[in-house]
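Novice: I'd like to ask you about the structure that follows.
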Ligand SMILES: Nc1ncnc2c1ncn2[C@@H]1O[C@H](COP(=O)(O)OP(=O)(O)OP(=O)(O)O)[C@@H](O)[C@H]1O
């Protein structure tokens, strides 16, 4: 379009017809296949691979390592305190059984003194352990958030449908992961040390007791692992179903007005009941599996109270040991059994933990995979048009495919848009107009071809039909987004990591427009009245208290304030009357900003230099044609001229 351009096109030879394309890339089969939510998801049980998720925190934060050393020290101290308590208990009960009142009082005071000194060690160990787990959680959550919000990964994940409920994974799964990982690893450490310390005590009392203990605990562990193996899958599914139910509720809140207008209460209720039912029935399965395991663990636990006394009782009756030794052996037996039987007591926690580790690992993998998708290539360098003038946007042989490759849209498109120019994309609903903008903006990278954009990503603004309303004041709305979405090297429209050569222009010098400029632009888009209505209000629910037309005009204010190199307008005036639409387009023409509009109204032609017309080709595909329109008349509206809207 930098020079005269008239092209037309019908479907290419690459996929001779629709049938051959579908053979190559099969779409959904006829009829509906209803897959219950998450039924097809199974934990991938690569727990050891995924466990390393938490390592970077300890590798990068030296203060965390010191704190961990402190908590480990406290954990060791708790074992020492337990050993001391064990001996204090022995002497206390021996004095009691010998009816030695003086010794008994002395042992009682010693025992109480031991409590006073030892119990704070347990309390502080537990407090610092939880605190450290919390700091770990914060670090990991921030890291996941950074990855999730980098390079539009959140959008890619939503489009690919690869992982469910990322919100739950970032919030509660990370918390469970850090809490349990910290708790389990310290428990294991404690168990190891306990095992060594109390094995010595038990062995010195009576070696056969030690042998009985080993047989009992190892047999119990093996049995509980066999009984609890279902729990991992059930826990994994439960996490996903709870999140689906919560998400259903969030959607009702977010779409309250539309649902109320439709009178969709019953439908929503049914849907939510289905999701609740899915969560409840899985939970019932979980309860049943836990109940079966509980039968075993309860018997196992209560038998411990009798077993040591039963084994050492003959020695006591023969007068070979004091009464206190029975108590001591009971306590040592309990300690060792707890250590060896860790798996039995923690089987449910371990099952839940491995489900969480799996979900987080899957999430991390999906985020890493997002960065390497797509066949459409792009670079941000100055493309040169046939006339020798540099093109702001140059599209070569572009074929746009919907995410997951189900639908072939535009094919073999060639197009140029020069700085200061304007392009109108028209065509029937579903032809792929918005999809073309998605490809230009770098949101969709599937398909093939090449898009060259002479602008950094932050220099391109997109105005959808329903603008996104952020939380905050009116000024926050007008200046959204304050920060560029990407660093300057992320200016490619695809996966290319070519460094930017395009100059940054918006906003100049990184300065945000001052309040006067915001006010002038708001008045220009006829939203000055909102200032008196909302002023500095930061709590307004903008998407429900502004009309769609007002939201669209707020989108235009964003456009004029951000002064991008390229504006992509997707039916951005559909809710406005024609006079307001004309007025906004005239201001845009005066600003010198290059723009591409998608729209259905024929009145839009008068504000664009070139038309890209899409139409069905009769064979299930989309044909395209590029044509020059009559030179638009740039209106010199007096009030528009007073606004400081500068070309990039
Ligand atoms: N995320 C997606 N995944 C799969 N298919 C999609 C996706 N988004 C859009 N499509 C399909 O791609 C086709 C083109 O959609 P697009 O939104 O580009 O149409 P459009 O020409 O802008 O339509 P309209 O004028 O109705 O807005 C449609 O058939 C649509 O169903």
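Positions of Cβ are set from backbone N, Cα and C atoms, glycine also.
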Novice: Select from 24-44, 45-65, 108-128 the stretch of residues annotated by TrEMBL as transmembrane segment.
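Specialist: Of the candidate stretches, TrEMBL labels 108-128 as transmembrane segment.
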Novice: Have a look at 242-260, 261-279, 280-298, 299-317 and point to the one annotated transmembrane segment in TrEMBL.
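Specialist: The range carrying the transmembrane segment annotation in TrEMBL is 299-317.
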Novice: Is the number of Cβ-Cβ pairs under 8 Å between the transmembrane segment (209-228) and the transmembrane segment (108-128) three or more, considering only pairs separated by 6 or more positions?
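Specialist: Taking Cβ pairs at least 6 residues apart, the transmembrane segment (108-128) and the transmembrane segment (209-228) are not in contact, as fewer than 3 fall under 8 Å.
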Novice: Could you give the residue numbers and ranges of same-chain residues that sit at least 6 residues beyond the transmembrane segment (68-88) on either side and whose C-beta is under 8 angstroms from one of its C-beta atoms?
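Specialist: For the transmembrane segment (68-88), the list is 58, 107, 110-111, 114, 117-118, 121-122, 124-125, 128-129, 132, 186, 189-190, 193-194, 197-198, 201, 328, 331-332, 335.
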Novice: Cβ under 8 Å, sequence separation of at least 6 from the ends of the transmembrane segment (108-128): give me the contacting residues as numbers and ranges.
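Specialist: Distant Cβ neighbours of the transmembrane segment (108-128) are 67, 70-71, 74-75, 77-78, 81, 84-85, 88-89, 91-92.
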